[in-house]
Every structure is written in structure tokens, then in C-alpha cells.
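The structure appears right after this line, and notes come after that.
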Amino acid sequence: MSLRIGILTGGGDCPGLNAVIRAVVRTSEARYGSSVVGFQDGWRGLLENRRVHLANDDRNDRLLTKGGTTLGTARTHPDRLREGLDQIKETLDENGIDVLIPIGGEGTLTAASWLSDEGVPVVGVPKTIDNDIDCTDVTFGFDTALTIATDAIDRLHSTAESHQRVMLVEVMGRHAGWIALNSGIAAGAHMILIPEVPFDVEELCRLIKRRFQHGHSSFICVVAEGAKPAEGTMELRVGGVDEFGHERFTGVAHQLGVEIEKRIRKEVRTTVLGHVQRGGKPTAYDRVLATRFGVNAADAAHAGEWGKMVSLQGQEIGLVALSEAVSQLKRVPSARYEDAAAFFG
Ligand code: F6P
């Protein structure tokens, strides 16, 4: 049966979002004769009834390799969504939307799960470079961010060695240290700090000193933006929360660098990769994963599998309940960190 599908991208942008849109549009139109309406700038498009018709044309085809999101995205405070429930339902009715496919991270999928509870037919697609959505082995965007971070750390080795420096590299990873962990392993870092494991600056200084005493000429430490010092070991500035209710970071790597220089008088340089990690073309891996998510989300929408999220389970794409997927974040298990720790120091 042909349907009218609504689609939106919410939260931070991410390489692969356009590939999902392309796949949903193509599959819906070519396989089911359905039409797709894109809502602009995340949930705001639904609240303000701003939309575009998406067609399975040349423009859609070219989306595969484009970074960012052609629909635009935005963060929206959950309270604003709750207040706007009637407006959202009205927009969906007015546009004749049968099923909504929101593509997003924790915030967007939590909103999707709540909308589903409110009776809106929804199929979620998980995205985040942080890779912290539960019930899926991987989210698209992660591999691209990891590749960018790994390449950047590879490049820092030469300067670190030439100048016998300590190099700190801050990567994204708000609640989970997947980018830090994997880029650190892939690029041969000498320490990795992640949000899941509070760090001890004294211990870090000891490892740095020992490495140089053993005749090595550099020390590279990857720091996730959400990494925190163990209580009583170092003061980190507090940034409060932003307008969307998220913790505002104050630059852990810079503050750690100052602390290390003070404690062991070693030259430290800090690089913050920031949004570079979210930009540009998705890797081949992310294009494939995003495309498979898009095809399967369209199929699930037409099969009436609402209230679900597409997910990667091993090599297969499956469906999980949205409520289960958003009940917790997928953090780095301690055993994975232990593997990396074999190379610390
Ligand atoms: O959720 C992905 C993420 O890239 C986080 O790692 C980061 O803290 C945040 O988004 C940055 O968001 P913004 O683009 O709003 O600054």
C-alpha cells in the first residue's frame, strides 16, 4: 500500500544523513509508490509546518556522498516539543503524513519514542558520530569521525617526536568515549581518556615522565570532550547547561595541558578537533550503513512496524523498540578500555 511518509533530521548533523534521506525517498517511491515530505530543521519544521516535497530524482541521487543534511537540522528542548504536541499532530494531519521517520541521536529518538506513545506512527533511524545509541552495534557517522580523528592523530606524531612534546588531542564524545578509544588505538596513542573512566592527572604525569625516561620522544594522549578528572585530583571549570539542557563543556584538554605543564614542566600542546569530525563526505562504510538503514526504515514504515528503530545487529539490519533503544546510552565497557590500556604509557 502506498503511503505518505514524513522525514526529518534532528540534533547535530552527521555524515550519512543525506544517504539515509536518499534511500528512504528512493525505496518509498520505487518500491511502494509512496511519496515523501521532508520537514526542515528537525522538529522545528513540524512545529512550524515548514516542509519540502522530496522526489526520487537526480538531486536525490546525488545526496549519497554529501555531508550535512539537505533538510537542515536543529536542537529542540524537550519541553518545547511537549508543549507543541497538538501543533505537531496538526502538521502531520494537514500534510497527510501516515508515518514519520525521524533520523537522530538520543534527543531526537527520545522525542520519537514519546510521539509514538502519543499515538503517532513513527520509525526511528539512529545517527550520531558519538556512537552512543544503545541497541545498535554502530551508528553511521561514527566511522567518518573516527577516520578524521585517526588521520589527525597520525599527523601529530611527527611534531610530537620532533619537539619531544606531550600532545593532547580532544575529540568529540559527550557521554561515551568511542571516538577517543578507537582513534587512540588506531593511531597508537599513549593514553586515552574517556567519560566512562575518571582520570587521575597524577597517574598520567607519572606515565608521561616514565615514557620520556625510557628514551621515547613523544607522548600522545587522546581526550574525549566529556572526560572528567577523578574527584579530588584536579579542578575542572564548570560550564553549566545550555538552552537545550546539555552540559556546556569548558575544554578539558586545555585545562589538563596547563595542569601537566605545571606539575612536570614538560612542553604540552593541545589540539581540539571539534566540528571537523562531523564535516564532509561520509566514508564508504557510513554510506553503506546509512543506505541500509534508510531502505529498512522505509520497509518498516510500510510494514506497519511502528514505534521501532532500525539497528545494526552483527551484519544484519533489525528492528528494536524505540523505548528500549532510548532507555540507556551505549557506553564503552570496561573490558574494551582494558584492551586499549595495554598500550598506555
Ligand atoms: O552529539 C554529537 C556531538 O557531536 C557531540 O559529540 C558534541 O558534544 C555535540 O554534538 C556538539 O554539538 P553542537 O554542534 O551543538 O555544538
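Backbone N, Cα and C define each Cβ position, glycine as well.
Values in this document were obtained by computation on a predicted structure and should not be read as measured data.
Here's what TrEMBL has on this protein:
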type: ACT_SITE; residues: Asp130; note: active site, proton acceptor
type: BINDING; residues: Gly12, Arg75, Thr76, Gly105, Glu106, Gly107, Thr108; note: ATP binding site
type: BINDING; residues: Glu106; note: Mg(2+) binding site
type: BINDING; residues: Thr128, Ile129, Asp130, Arg165, Met172, Gly173, Arg174, Glu225, Arg269, His275, Val276, Gln277, Arg278; note: substrate binding site
type: DOMAIN; residues: 4-300; note: domain 'Phosphofructokinase'
type: SITE; residues: Gly107; note: site 'Important for substrate specificity'
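Here the C-alpha separation of Thr76 (ATP binding site) and Asp130 (active site, proton acceptor) works out to 19 Å. The ATP site is defined by Gly12, Arg75, Thr76, Gly105, Glu106, Gly107, Thr108, and by the 8 Å test on Cβ atoms against their centroid, the other residues of the chain that qualify are Gly10, Gly11, Gly42, Gly104, Ala111, Phe244. Note on proximity: among Thr128, Asp130, Met172, Val276, Arg278, the recorded positions of the record, the Cα nearest Gly105 (ATP binding site) is that of Thr128.
Proximity to the residue listed as 'active site, proton acceptor', judged by a C-alpha distance within 10 Å, picks out Met172, Arg174 from the binding-site residues Arg75, Met172, Arg174, Val276.
For the binding-site residues Met172, Val276, counting C-beta atoms within 10 A of each C-beta gives the highest total at Met172. Taking the binding-site residues Arg75, Arg174, Arg269, Arg278 in turn, the residue surrounded by the fewest other Cβ atoms inside 10 Å of its Cβ turns out to be Arg269. Here Thr128 (substrate binding site) is positioned 8 angstrom away from Glu106 (ATP binding site), judged by their C-alpha atoms.
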